[in-house]
C-alpha cells in the first residue's frame, strides 16, 4: 500500500478502480483470525428465535412511540415524540436492512427477505441495488475505486456529514436513483456492481417505492396535513442521527487499501439499547471478517477473536471522538491514519506502521 | 480415456453436513459429506467472487458462501441464491475402502 498524499478519485469507474484491479487489491483474499472450524460452524448456525423476538419488540416500540407522537401532534411534545419515533424507524430500519440483506438474521429465508424489503423502504434504499452494493463493500472493504460504501473520502467533506444529520445527501441521491429505475434506467455507478440480470427487479422495486410515495403525498393532500408523511418517508430524514453516528464509526479514520479488517474496521463496546437498535453491528471487525455469523452470535465471536484484534473503543462516545479527531487531521493531511496496536496474542498485521513527524502514522505493506 | 480417480481423504475426515477444501495442482475443490452420508465435490470457489466455499456453512444440500450469502445446491452445482448467479462445476466422487476419491475432468 502506498502513502496517500493527493486527493483520490473515489468513483468506481476511474483510475483508482484500474489501479485496484492491477495491484491485486480487488477481490483479494483477506486475513481471517484462526478459529477452529467446529466453533465457526456453531457460530454460523442460524436461528429464527432471536430475530423474531427482536422484530416484535422493535415493531411494538415503533407502534407505541407512533401513538404517542400522534397524541402529541399540535403540541411542543410532538418534537421529542417524533424524534423518538424517527430514531426507532430509521436506526433499526438500517440495521435490519443490513442483517437481513446478509441473510443471517433469520434461519428462514423468506423472513429475511420480507424484513429486508420492508426495512429497505424505511431507509429509502432501493433493495436490489443496495444488496449488490453491500456485497461489493464486503468484497473490497475500503478499497478505493472498488467500494461503493466508503462513507467519506480523504480529505473528508464536512458539508456532506452535516447534511447527513438529516439524511439530506444520501436520501435525495437514492430517490433520484429510484426515479431513474422507475423509467428503466440504471445509474452509471450502479452499473459497476449490479448485474444486468437484476435490472428488471430493480425497476419494479423502485416503481413500488414511488407508488407508496405518491400514496403518502395523496394522504397529505387529502388530510391537508403533513402528518401522514411524518409517519412514513420523513422519519428516514428526521430520525437518522444514529444511523449517521453508527455509520461514521464503522471504518472512518482507519486504513484504506488493506486486506485486513483489523486495520480498516472498528469494534466498539456499546450500551444494550444501542446494541439492540444496531443489532450488534458494533462488533464490526468481527462482522466483516466473518459476515455469515448472525448478529446474535457476534458477542460470542468477539470473545473468540478479541485476542487477535486491536482493543475495541470503550464506548460510542469514545469512538465518535476518535473518528472526528481523525477526520479533522485528514482535513489537513489526507494520509493521516489511526494505527492501533495488536495484543501480544495476535497474529501480526501484514503491514507496518511508519512514525512520522507530528505523530501521524501511516501503514504500508510489508516487503 | 477417462481421468484417474484421485484420493482426497478418509471418509471420516469430513463430518456429516460439512465440507473440506481439497487442492490438487492448480485446482481447488470443495468436497462435501451430506447429512445423508453421501459425498459430493464441486469447484472450491464461489462463482460470484473468489471465496473458498470450504469456509461456508452446509445446510442440507446447500452450501452457503462464507462472504456474501450466495447459495448453491452442491449435489447439482446449481446456484440457488444471489449474489451467486452461475452454477458450480461438479465432479464425480466415489467412496471405496473408507477413502473418498474424486475425478477431476
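Each Cβ is built from the backbone N, Cα and C atoms, and glycine gets one as well.
Checking TrEMBL for transmembrane segment across the ranges A:25-41, A:76-92, A:93-109 points to A:76-92. As stated in TrEMBL, the feature transmembrane segment covers range A:51-70 out of the listed A:51-70, A:111-130. Cross-referencing A:183-200, A:237-254, A:255-272 with TrEMBL places the feature transmembrane segment at A:237-254. In TrEMBL, the feature transmembrane segment is placed on A:208-231, out of the ranges A:208-231, A:280-303. Only residues 6 or more beyond the boundaries of the transmembrane segment (A:237-254), in the same chain, are considered here, and those with a CB under 8 A from a CB of the stretch are 82-83, 85-91, 94, 123, 141-142, 150-152, 156, 161, 164-168, 171, 263-266, 268, 274, 277-278, 281-282, 284, 313, 316, 319-320, 322-323, 325-327, 330, 337-338, 340. Within the chain, the transmembrane segment (A:208-231) has long-range Cβ neighbours (under 8 A, six or more residues past its boundaries) at 66, 69-70, 73, 82, 85, 121, 124, 126, 178-179, 182.
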